[in-house]
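Contents: one structure, followed by commentary.
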Amino acid sequence: MAEGKGFLRLEWARDHMPVIAEIRKRFLDEKPFKGINIAMALHVEAKTGIFSLLLKEGGANVRMASCNPLSSDDSVVESLKTDYGMPVFARKGETQEEYYENLQRTLEKPPDIIIDDGGDLTKLVHTERKDLSKNIMGGNEETTTGVVRLKAMEKAGVLLFPMFDVNDANMKHLFDNRYGTGQSTLDGIMNSTNLLIAGRNVVVAGYGYCGRGIAMRLKGMGANVIVTEIDPIKANEAIMDGFQVRRMNDAIRYADMVITATGMKDVVKYEDALVAKKNIVLANAGHFDNEVAVKEIEKHSLEKREVREFVKRYRLENGNTVDVIADGRLVNLAAGQGHPVEIMDLSFALQALTAEYLVKNHQNLEKKVYPVPPEIDRYVAEIRLKQFGGELDTLTEDQIKYLNSWDEGT
């Protein structure tokens, strides 16, 4: 194989994904996906590439598209196709039409399993390609946004096969959402702006695990962080973690930067942009491009121009100017390299083992959203802990007896 840029990026990722490496040993021997067709819509970059190769090495026929028009690494796409013979349908900067055409192409070989990030592929096989659903065992969903859509489908009674919520596994959301999103979001912002974080007023919209990860990293780099929330419990958490909590339309007046991480649309409205500080930086860490109302901002703008790679400046009707990174799309992948390799090692290990569980147990599953089995969550945690060099205490027989008793007190 020619050692091109994409090939080297894949090899680098493989070298730093020890949990996947451990699982790979067994998959190579047992071939748990032999004869299984898997359609995937994920961010097509190096870590995802190693995950897709793991499934292929486990016997699967994998077809992959991107789950976001701006998140693909073209060098990795080329290497997967050329060096590994994998059908991959993606490029960075897809048009909306290309994006949906590529999703369709993953379905040209009818899938037994789908692995999705954000829910667009799942929606496709529940609408335009509903004819394929009868042969689908089930699937996995990677991210918060997609899980919200899945649960809405389940509630409406339209879910046609079982889906696993990988996002809410402990070894996913406690690490990927918090440490992964926190680091990679700032990586994307700093890569695209070259601006200082220390001393800046930064608004973080949303204090779920993604938002708190971003806020934690900003605080560590010296930013003054203001949080916006709709949930009083999370707002109280933010305050006790040392952050101010304000309404967006108030906070944005003092902010040098706003980062959204909510999974909700119109978090930063056009009305907010009008009262923002001049040249405020607007970035989105959520899955879709509607958290910052970019279309509304563009509609009412007098001028739009690209001021840096990935950054567009809009001059608004009142003369104010705002800088939007990556058209309001997922900043860590559109303007950066995505989550750290070791973080995605955990998430994709969960994905692989849950897909294996689905193959073995799909006949006993209903048309509903399932959590990742706790034994899989714990297994991934144990492998990673061992690789960190960590060791666990074990309970004595007397402690186990105490744990299960009710009559011992003070």
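Glycine is no exception: its Cβ is also placed from the backbone N, Cα and C atoms.
DSSP assigns ASP176 (substrate binding site) to a helical segment in the three-state reduction. Using a 10 Å Cβ-Cβ cutoff, ASP176 (substrate binding site) registers 27 neighbours. Residues or ranges marked as substrate binding site in Swiss-Prot (evidence: sequence analysis): ASP117, GLU142, LYS172, ASP176.
Every protein chain considered, the tally of other Cβ atoms within 10 Å of the Cβ of GLY206 (NAD(+) binding site) stands at 28. Secondary structure at GLY206 (NAD(+) binding site), taken from DSSP and collapsed to helix, strand or coil, is coil. For 143-145, ASN177, 206-211, GLU229, 285-287, ASN332, the entry in Swiss-Prot reads NAD(+) binding site.
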**Message:** If you measure from the CA of THR145 (NAD(+) binding site) out to 10 Å, which binding-site residues from the list ASP117, LYS172, ASP176 are inside that radius?
**Reply:** ASP117
**Item:** Inter-residue Cα distance where the pair is ASP176 (substrate binding site) and CYS210 (NAD(+) binding site), in Å
**Value:** 8
**Residue among binding-site residues ASP117, GLU142, LYS172 with Cα closest to the Cα of GLY208 (NAD(+) binding site)** = LYS172
**Message:** Please identify which of GLY208, GLY286 has the densest Cβ environment, defined as other Cβ atoms within 10 Å, among these binding-site residues.
**Reply:** GLY286
**Fill in**
A correct count of other C-beta atoms within 10 Å of the C-beta of LYS172 (substrate binding site) gives 26
**Asked** Taking only the binding-site residues ASP117, LYS172, ASP176, which one has a CA atom nearest to the CA atom of GLY206 (NAD(+) binding site)?
**Response** ASP176
**Message:** Cα-Cα, whole number of Å: LYS172 (substrate binding site) versus GLU229 (NAD(+) binding site)?
**Reply:** 23
